[in-house]
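Participant: Below: one structure in structure tokens.
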Amino acid sequence: MRGFLLLAFSLVTTAHAEFCSPDSQNAFKVRLSIKTALGDNAYAWDASEEYLFKAMVAFAMRRYSSQKTTQISNVLLCNVTDRVSFWFVVTDSSKNATTVPRGEVEAAIRMTRNRINNAFLLNDKTMQFLKISSTLPPPTESSVPIWLVVFGVVLCLIVAGILFLIVSGIQQRKKKNKEPAETKNLEEKCEVTVTIENGMPCDTLNLKTGQINGGYEADDERFTPL
Amino acid sequence: MYYNVINAWAFWYLFHSFQNPLPWAACPLNSNHTGYIEECEKASSTQYFWYRKTLNISPSIEENGSIQWEQAMCLILAWLTVYLCILRGTESTGKVVYLTASLPYLVLIIYLIKALTLHGAVNGLVYMFTPKLEQLANPKAWINAATQIFFSLGLGFGSLIAFASYNEPNNNCEKHAIIVSLINSTTSVFASIVTFSIYGFKATFNYENCLNKAMLLLTNAFDLEEGFLTADNLNHMKEQLMATHPNEYVELLPQIKNCSLEAELDTAVQGTGLAFIVYSEAIKNMEVSQLYSVLYFFMLLMLGIGSMLGNTAAILTPLTDSKFLSTHLPKEVISGIVCFINCIVGLTFTMEAGNYWFDIFNDYAATLSLLLIVLVEIIAVCYVYGLRRFEKDLHLMIGHKLSWYWKIMWAFASPLLIISLFIFYITDYILTGTLQYQAWDATQGHLVTKDYPSYALAVIGLLVASSTMCIPLGALAIFIKRRLKREHRSTVA
């Protein structure tokens, strides 16, 4: 009896070792970065946490295919290191001495990845299932690109400014054209004869500094026209 | 003509700064949402945004591609802004420049305060102020410095002459010349303090990232406890691991990069690379990055529009002053036509290969011809017109005699300096042989050096020749006109 039990026990342990070892078929490596994620609130990885992990994987398998009844004892962990990383494999209790195929485990984990992460207060980066690709969240995109909105606003402002300046320029020019012709003639005479006095044109002297000598102003009237 | 493309890019980045998170902060996902786009993984997200999203750059200058409509719209907007500012001539430009010149200072002060509080900024400042004697002994550094001062003062562009022609004759130009030069140099130093603080922040950030990556790699490979490797014991632990697990360590070796803060600080960039890649990378790591991004690109825009106003005024002033055009067309129409033509030609820079053409224009259109123009100007004023006549004119304008310092500088020092710069550049062009350019390789995720094709070399030659030929051609035209007038007078008399 005892011998039989011993034999069974040794068989189970060797089976355990057979199923769960690094790089064995249908086994996955998990890597946790608890200190990176939680800092001072990091918890220590012990047997209770391992139990929780087994429970979560069993939960994932149950969620994925409702026929299978995966027990916690079906999930085997091994090679736990200080990193915290370990290998796990899920055995199939309905078929003796086999492990659940890789694809099924992967699909199950992917489906409930969020729940598993939250159970350990980690995320996809700090709880890595190597060789199981995670679905990255799609970026938030609004229906109308925001930059087009800002572009439209600025464009409208600038076009409005241009139109305003052009229209006011045209109006100013119309007002100038209506002024009496006398002032226009005087300006024309000033432009035609630009007398240079000491290297500077006369009109700047007239308008900015100095005084106009009234005696010389009505020069053209002294001479009788031909 | 080519410069306004920079304003178009500044507009593009400004409009995209209103998003949360910033679009260049993270890589976009690939089509089946399992990872990031490969080009973005190989380069960084800021480089991806610049080369792919903004420029959509082609692998070489030969492949022209199509016009990017987003860039074209931004370019049209940039030209409309310039048109708005120069529409009414220089009186309106003067008021706009109050804004475009003072706002950048405000933004620089805000950035200075922010930059000095960043982690790692001190590294950048220490790097900036420690003299590197081997670099100082290299004459190329001094020549680059001289060229930089030359261009930042805007000599030879015609914009200074254009703006100065609106001044009154008794304007004290000597005082203004000194003030402008001093302000220019002080602003350069001020801006470089801000730049180097941000640079130090970025370099420290990248260095720490590199260290963290190396530590993570080693921790994962050897299943060490988290937090076992720190920045201080990394080198020591590396040697230990090499001794205890030589095989696996050798396998990992190609992936572990040697991180060095000096190397990060030494990667100096300038021009569009600095403005759009390095700065946006530094900004995305700050808190409230949208605000700083908006401020920064708004400042870039102000500076760019200010430069454009000067350049466009230099073109427009002779056109509006010429009697032929101003009698037939009003001022607004002339400005409109100039802006329109430049905009259409500038659309070539919005094509996929546009950035390569932009680099050609940026590097070759300005340098030699500006040096030549300024050299001819100074020789003409000092030796052809006569330094004594010029001195008398200035005495009339400013009211006191010129000091000997100016006379010596104009007659001897400046021509010598410019001639030496000129000779240096020509010998540099001759010695480097075939000209090369940096092309973006999308498959590798970094720049590669390629040779220019023959038609690009022809365009470069044409650019340099056309801008330098203007002076001899102008002289020839006046000579011919005088000859004809003299003949006409002799036939009449």
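Cβ coordinates come from backbone N, Cα and C, glycine included.
Here's the feature list from TrEMBL:
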BINDING   B:S152, B:N184, B:L303, B:S307  Na(+) binding site
TRANSMEM  B:98-122  transmembrane segment
TRANSMEM  B:142-166  transmembrane segment
TRANSMEM  B:178-199  transmembrane segment
TRANSMEM  B:294-316  transmembrane segment
TRANSMEM  B:337-358  transmembrane segment
TRANSMEM  B:364-387  transmembrane segment
TRANSMEM  B:408-427  transmembrane segment
TRANSMEM  B:455-480  transmembrane segment
Participant: Considering only Cβ pairs under 8 Å, which range in B:142-166, B:337-358, B:455-480 makes the most contacts with the transmembrane segment (B:294-316)?
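Facilitator: Selected stretch: B:142-166, with the most Cβ pairs under 8 Å.
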Participant: Note down the number of other Cβ atoms within 10 Å of the Cβ of B:N184 (Na(+) binding site), including every protein chain shown.
Facilitator: 13
Participant: Relative to the transmembrane segment (B:142-166), which of B:98-122, B:178-199, B:337-358, B:364-387, B:408-427 accounts for the most Cβ pairs at distances under 8 Å?
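Facilitator: Ranking B:98-122, B:178-199, B:337-358, B:364-387, B:408-427 by Cβ pairs under 8 Å to the transmembrane segment (B:142-166) puts B:364-387 first.
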Participant: At an 8 Å Cβ cut-off, counting only pairs 6 or more apart in sequence, do the transmembrane segment (B:178-199) and the transmembrane segment (B:98-122) clear the bar of 3 or more pairs?
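Facilitator: Contact criterion met.
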Participant: Using the Cβ centroid of B:S152, B:N184, B:L303, B:S307 as the reference point for the Na(+) site, which residues of the same chain not in that list have Cβ within 8 Å?
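Facilitator: Residues close to the Na(+) site, other than B:S152, B:N184, B:L303, B:S307: B:G154, B:T187, B:G306.
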Participant: Let me know the DSSP-derived helix, strand or coil state of B:N184 (Na(+) binding site), please.
Facilitator: helix
Participant: With CB pairs under 8 Å as the measure, which of the listed stretches B:98-122, B:337-358, B:408-427, B:455-480 comes out on top against the transmembrane segment (B:364-387)?
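Facilitator: Out of the listed stretches, B:408-427 contacts the transmembrane segment (B:364-387) most.
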Participant: Six or more residues beyond either end and a Cβ under 8 Å away: which residues meet both conditions relative to the transmembrane segment (B:455-480)?
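Facilitator: For the transmembrane segment (B:455-480), the sequence-distant neighbours (Cβ-Cβ under 8 Å, at least 6 residues beyond its ends) are 61, 356, 360-361, 364-365, 368-369, 372-373, 376, 434-435.
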Participant: Does anything in the same chain, at least 6 positions from B:S152 (Na(+) binding site), have a Cβ under 8 Å from its Cβ, and if so what?
Facilitator: B:N184, B:S188
